């Protein structure tokens, strides 16, 4: 018996496993309900609304619901997703012992100390049946897994079997009687919905529990007479004696002929049904057991006791197998020894064995390839081992030798080691004869394989590697308890897997790394690259030698790895089914290449795969490889990474696309740090930081541009005065002071700087009114003039900081292999035309960057694109260097390579499908739509795609005999402009779709709604609220299209009035505008009345009156009600319509799918369908595949 999880809490009175998730509910005597995840051993949630102990709890099989019943006489239905109680059912008058959901019907079964069993409809929230007959507390009641039966147990010492087939027929069919017919009233009053089929008596005291067998006509019961009884539905009784106190609970094993019971004697016992004996027992010292639960699909059980609960298994489920080299495995299935070949996928029975090893212990298999021998050992039943020689022909003749020992493992081509009871390691040959033995100093718990001539021994605290010849330890490592050991193919590395950790070590047992795991590791293999691949209960993961690990894939069930070849992982499950799992190993191959410094492989992977995401970017940054910036397509991420690694050119490219003030500010700071004055000047200009810009011009001696800044219109007078101070322009200072009305200061400035004419003009202006007086001039004057630049440098950058090349840059000595351009102004030079630094995969400049300045520069021979709008003094961009570069070419001209088109930039920089449509990349757009909303039929979207594609371009006519220029129409950040928005969709909805529906032009209305739904896929939004409005608009279109299809179908059925009435009734349940609801209800009322379904017609008439219709409609509705009450019903009034039971209409069959029934949905419009229609194209949207898993719609956010 294997413990999987144990909790500490108050007394647990009720338990329930979730059918699909690794969850279990525990109801406590304290009044709380705890939800645990037994896989990760965590308490997920607490639910506390009951007053007093909660004795019963149960998960729903399909819905996110569970039900609980307690000593407060209340039954509560909870939604665990919403984490709240939905409603409370009241009716019992004493403690509620158990509650249970029905597997199909919307029923809840409850048993209570008020001696009554009740069946509730949790959808209508009413009690539909009371089962009376017990004359003492009813301790439990449960539904049969398949049949319409209920079993109940009571302290009146009886077990009752109830037949509920009558109740099921009553609640699922309509009686063929009129509403006031005497036969109907008689059946309702005296009808037998639930009858007692059988009453079992045999216990001497009260019965605490009774349960059905999942497949056989058996019942098991537990009683206060200390007995467990097996009833075979015909009064044949088998008694199981062994408990010595009250037996609290008992149930059948779902897959084996076993019974499990627990008792107040503090034990859990497992009984063999055939032998009627106890085969296993779990004892606790101080805790009485109160309840049991079994998982509906897995081999798991749970038991509640005084201080918590335990989740356990009765036996191990791990298959016994061993690798037979690299091409396959040997495995033991029942009594058959099989071989499985990876390449062919075939499994062959090699031979049969006489006895199966017990699953209660650990079974290990070891293979000797040289002698084709297999060693199977088990520590169950004091430990045994069997040595088999694999036969070549006759599978019935097998050379078998056996012996005793807790563990046995091959240590050489003709030797194997056995751990005996005396803590001795015995070395034997293939004839099972002892060769030598030795006794380690520590107590040995288990033996593991090791390189030839060695054996790996596990003790309490260590793993010790022993040399068999010398009988001495050669290496050891301190590790916790290890469960499995996996060596690499060449025995250079070993992985040791514990309960919550994995340790990698080398051949000398020197620890390389250790990683923790919250979920128990199950199995592992080494791939050909030296990466350890392993599984947990639900994940396939990898582990690199440096300790980096990650998840490769999520699995539905537990797998045990048997081998790996390239991108294929071979595994075997608990049912011995062989699985081949396709994986994408790009991520861990990239990380391994970085670890091994194979940078050429890194570059190849990054260029050829779509791997560059947030996790990989973060990983490369943490490891000191910021070079990933060259492969990142998101502009903001690219900008941040470029700044971190000091790549100003790429940061400039991204800043131009982002055009964000913060980005320009950060770029200016980094460019100034590196001494790139040109980019600093551009950054200051874009942010409007003229104070810093003017100071930059002062430092660089660019007085011409500084003088021009004085004349800028947006420059304030204080800044102009500051610029004039920088320039030493006295006349300009005088002029500015005079314009500002500071005449006295202007006079002093002019007089002290020998500007006599200007001083006289200002003086006359001051004394013009006869009152003003001239200020006194200072005696000792020093002109306020800044020093002139000693050397006015040409417009080149300062000597740049030396940015150290990274390891990838220096790979093979080729910077160009990374696709990098030479830095702007590096050392004052420029890149010659046709140089090796241009790479189309890295360039991010669009065609609009080729302005007049850059064209002029190309004519001069520089080949550099002038992106800085900075006025120069006429010398050009480093004119001297350009002339030198041009003269060295000797009239050899190489045209520059064109950059990527705007369509390529759109597809490269966006993950939105609509941007790919605008770029003309329809195939990638269709792939994105298929992943997001499951679209498979793209024919209806053809015209929409073409419209968006053409709408993102402008044709500019040129002169005669020349072709037009095609220019992109772009939104911010350089992506295509999309004209579809929420306002356009709402306008079309109100002005075209609704009016067409109102006047009854249904085909036209359906076309409008379909077009609106399609346009929602390519719409742009400005906020999260608008995105929600688009989702709501898709729902509106779905309801109207579904309703129009119902009405169109109804109008074609002239000879089937029943079907017409049903379709009209379904139409009234579509979510439409209130004015349109009136139209649908009126149509349904008229249709049912004409078909003589008067009850339905009257119901629709009442609904019509509730909506306050116009006077003429109200009069008509009242007439229908009066006529329906006076008219006899149609002979066949069995309509497939129940207005009180919530339902949705199947989009294909146009029949109702009532709440609780299985269904599948369209991932785009969310229309509901019957499960057998999964995989077909949705009839409502005519685009998506029914039931397809999709990530969800994503829309472009305008900013």
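Here the Cβ of each residue, glycine as well, is placed from N, Cα and C on the backbone.
Since the structure is predicted, the reported quantities are computational estimates derived from the model, not experimental observations.
Range with TrEMBL annotation region 'Disordered', chosen from 784-824, 825-865, 866-906, 907-947, is 825-865. Listed as Cβ neighbours of the repeat 'WD' (47-88) (distance under 8 Å, sequence separation of 6 or more from its ends, same chain) are residues 13-19, 23, 25-35, 94-101, 103, 108, 110-112, 120, 122, 125, 296, 1156, 1158.
Counting same-chain residues at least six beyond the ends of the repeat 'WD' (200-234), those with a Cβ under 8 angstroms from any Cβ of the stretch are 136-137, 139-140, 142, 144-145, 149, 151-161, 240-241, 243-252, 254, 259, 261, 263, 271, 273. Confidence in the domain 'COPA/B second beta-propeller' (335-573), given as mean pLDDT, stands at 84.
Broken down with DSSP, the repeat 'WD' (131-172) shows 8 helix, 20 strand, 14 coil.
The DSSP breakdown of the repeat 'WD' (47-88), given as helix, strand and coil counts, is 0 helix, 24 strand, 18 coil.
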